[in-house]
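A.B. asks: Just lifted these from TrEMBL, have a look:
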- GLY216, GLY217, ALA218, GLY219, SER220, GLY221, LYS222, THR223: ATP binding site (BINDING)
- 195-593: domain 'UvrD-like helicase ATP-binding' (DOMAIN)
Amino acid sequence: MTTVHQHPDYNEENQRLEYTKRYMEAVIKTAETSKDNFQDNMKAAFKDVDSSLGYSSLLTNARFFDMSKEELSSLKKSRLKPYFARIDFSRDDQPAEEVIYIGKTSLYSRENQDQLIVDWRSPIANLYYEGRLGDVSYVSNGENFNGELLLKRQFMMERGLLTEIRDIDLTTNDQLLQETLAGSASNRLTEIVSTIQEEQNKVIRADLNKPIIVQGGAGSGKTTIALHRISYFIFQYKENFQPEQLMIIAPSNLFLDYISEALPELGVENIKQKTYEDYVIGALQKENIKLKKDDKLIQLLEKNHQKETVHALQISKLKGSKVFQTILNEYMKEIFLTFHPPTDFYVDKYRLYKSARFVQLLEEDFYYLPLYKRINKLRSILQNEIKHKKKKMLEKIEMFYDDKIERALYQAKDPVKRKKYVSQALDKKEARLNEMKTAIKTSVATYMKQFPKKNIWSYYKDLFQNPQQLVKRSHNQLTQVEAENIIRYQQDLFKRRMYEREDLALLLYLQVHLFGIEKEWKVKNIVIDEAQDYTFMELLSLKKAADTDMFTLVGDLAQGIHSYRGLTSWEDVKAEIFPRATYTELQKSYRTTVEIMEAANHILKKLPYTFPEVKPVVRHGEHPQFIPSPEGKHYINVLEAKLLKVKEEGFKTFALIGKTMNDCMKLYQQFEKTGDMVVYLLGEHGQIPKESVVIVPAYLAKGLEFDVVFIFSIDEVFTSKAPLEIQLLYVAMTRPLHRLYFYGNKKTDFLLEEDEGW
Ligand SMILES: Nc1ncnc2c1ncn2[C@@H]1O[C@H](COP(=O)(O)OP(=O)(O)OP(=O)(O)O)[C@@H](O)[C@H]1O
């Protein structure tokens, strides 16, 4: 094996690294103290360096020394590994070749603005991810630059020292990737900037002004690249957007906790992170909403699930489907009609506004506003109108009576009569003026009173009153029976003052169109992980609420365990919600070994419909293994013995995955009773403890990964009768990085064939 010192350029690279580290130190120190100290800090950093190397030429005054807190913090983080790659690029239009060092953050020379380290997100760094040696090009600020890529080099470093230099030529496959993947999961996602693959890079850097939908197999890096795309977005648009204007929506708080570790590394920790429920509850400003437990999946997994469950699932599917878009749109048309005034607007006897004009403003001019906001606008328009005409209207009355009085004064001969007439006219004038003043004060309020004043909750309840009406609103897409079922189901919920998850999207859709939502819930860019688990209506209402179509949707239909309500294809989402979206598929998987992925692919074939096979990057490991488990106390002993063994092998994270939470609780209790090991039972809201053994049901393990996974069965077995169970098993089998064990009574409990050799 060659050592790093044997690389022909070792000395040059080592010096470069030393120089960069020292320069970084001086910059960091200066940023932390005062910019006037830069020279002194530079002197201190290079004090023991041979002056013949020419570093003294750097000791000129810093012409530019501004650094944001974020820049300083990322610079500090990359002290021990300032860069991970170098490319040499000879641009066609320039005589000298450029030597570019690529790192997680950029570093400029304060003296001449040279880039000592180029950020991985910058345009030229794209050559590292996409370029092969030879003719290449890259685009920066819309301009194309052609040239030749002469060198592509990777650096391994430990504690700031070079441990390996690797030159990538046309034939070497990506060893760095292989090595990275062979490492252990510290239970969390990390950044992968040095090993991003070409197909992944395309997603990360895909047009930032367009939505993107990524269908990617298990372990293809969807979560990881979605986070890198945000990081890339922030880098490109840091001048225009605050991180708070970006948002990640993830399936559970557990999942948010899981990804949270990768966020600071990527400089995106300040973005909004929410579950869908939390987002909607926040946007509706209804913290105390009583949400029914979202347990339809769990009920479906129970051995003898009831007819009601099937019924409830059908309702979920309908409520999430685009049929409800039609229903809600029709419903809103009806609501709008209740705001068409039957009469013109009068103040006293004066007609100030025609109802037709009112309707025109409502339906056309203020079309962009939510209904109740339009009504507020119209109220102000009427008030304004009065304000402008008030004086004139009062004057008209005054003039009318003054005129009368004057005529009486000149024309009436009899002084008594005249006096009486004038005094009556004066009284009348006074009375009319008072009437007018009252009308001026009250007419807007009176006029507005004819419109309904309801809140979102009563609108929502009114939607589910009459089955025929619901069928009609659905343009006959719902049958009478379906409509009756939905209404019965909803009224039962309303009686208990409850809502369920599927109501949230519909409520949000109505809220956006009728009342609008506060600005803080509008964002510029949204990333949705596990997007296959969302319904059509959820995605649609989110787009409307956030007021952007700039979505990055990543998901895997093969893992669609919520497909009873969620998506079974991306078609409608692309065609009807995100027509501008680019669609990409990722079929290569980076998480697990060939052996485990093959076994998982084999299980997926049992589904009645097909998904393209996921291809693992070539990394071999042990075959998955079935371990027959004895009954009773022994069960835990055997499991613990195996856990200890794999721990000794150096693996760090372990999950015991069961089919249901019930089975997980049973295993957990057995551990508590008879086991010696500390294990954690993961729930929806938990956090994932580091370097420990966790017990988790398969549906919650979705999206997570562990070094070693045991899929166990105590009372619950996987059957191939329902696609859901096959998908759930597939999800569980694609969680491990290195090892997979099945732990139960018989192989067939995990849909494995008895005669399979393992
Ligand atoms: N280019 C890469 N270099 C190194 N590691 C990678 C790369 N791409 C993905 N990985 C690793 O592969 C694993 C799977 O990635 P990730 O969890 O993002 O996949 P996913 O597509 O979201 O998976 P799933 O759908 O199964 O949850 C992670 O450990 C990630 O760090």
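Using N, Cα and C of the backbone, Cβ positions are placed for all residues, glycine too.
Heads up, TrEMBL stuff is auto-annotated, nobody curated it.
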A.B. asks: Where the criterion is a Cβ under 6 Å from an atom of ligand 1, which of the binding-site residues GLY217, ALA218, SER220 meet it?
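C.D. replies: Near the molecule: ALA218, SER220.
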A.B. asks: Going by a 10 angstroms cut-off between Cβ atoms, which of the binding-site residues GLY216, GLY217 has the sparsest surroundings?
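C.D. replies: Selected from the binding-site residues GLY216, GLY217 on minimum Cβ neighbours within 10 Å: GLY216.
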A.B. asks: Does LYS222 (ATP binding site) have same-chain partners at least 6 apart in sequence with Cβ under 8 Å from its own Cβ, and which are they?
C.D. replies: VAL214, GLY216, ASP529, VAL554, GLY555, ASP556, LEU586
A.B. asks: Going by DSSP, is LYS222 (ATP binding site) part of a helix, a strand, or coil?
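C.D. replies: The three-state answer is helix.
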A.B. asks: Could you say whether, by DSSP, GLY217 (ATP binding site) belongs to a helix, a strand or a coil region?
C.D. replies: coil
A.B. asks: Long-range same-chain neighbours of GLY219 (ATP binding site), Cβ under 8 Å, sequence gap at least 6?
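C.D. replies: Long-range Cβ contacts: SER589, TYR590, ARG591, THR592, MET597, VAL614, PRO616, GLU705, THR734.
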A.B. asks: Just counting, how many other CB atoms are there within 10 A of the CB of SER220 (ATP binding site)?
C.D. replies: 27
A.B. asks: Which residues, in sequence order, are found in the same chain with Cβ within 8 Å of the centroid defined by the Cβ atoms of GLY216, GLY217, ALA218, GLY219, SER220, GLY221, LYS222, THR223 at the ATP site, excluding those residues themselves?
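C.D. replies: Counting only non-site residues, the set is VAL554, ASP556, LEU586, SER589, TYR590, ARG591.
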A.B. asks: So what sits near ALA218 (ATP binding site) in its own chain, CB-to-CB under 8 Å and at least six residues off in sequence?
C.D. replies: ASP556, ALA558, GLN559, SER589, ARG591, ALA600, VAL614, TYR730, VAL731, THR734
A.B. asks: Would you count the other C-beta atoms found within 10 angstroms of the C-beta of GLY221 (ATP binding site) for me?
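C.D. replies: So the Cβ neighbour count for GLY221 (ATP binding site) comes to 27.
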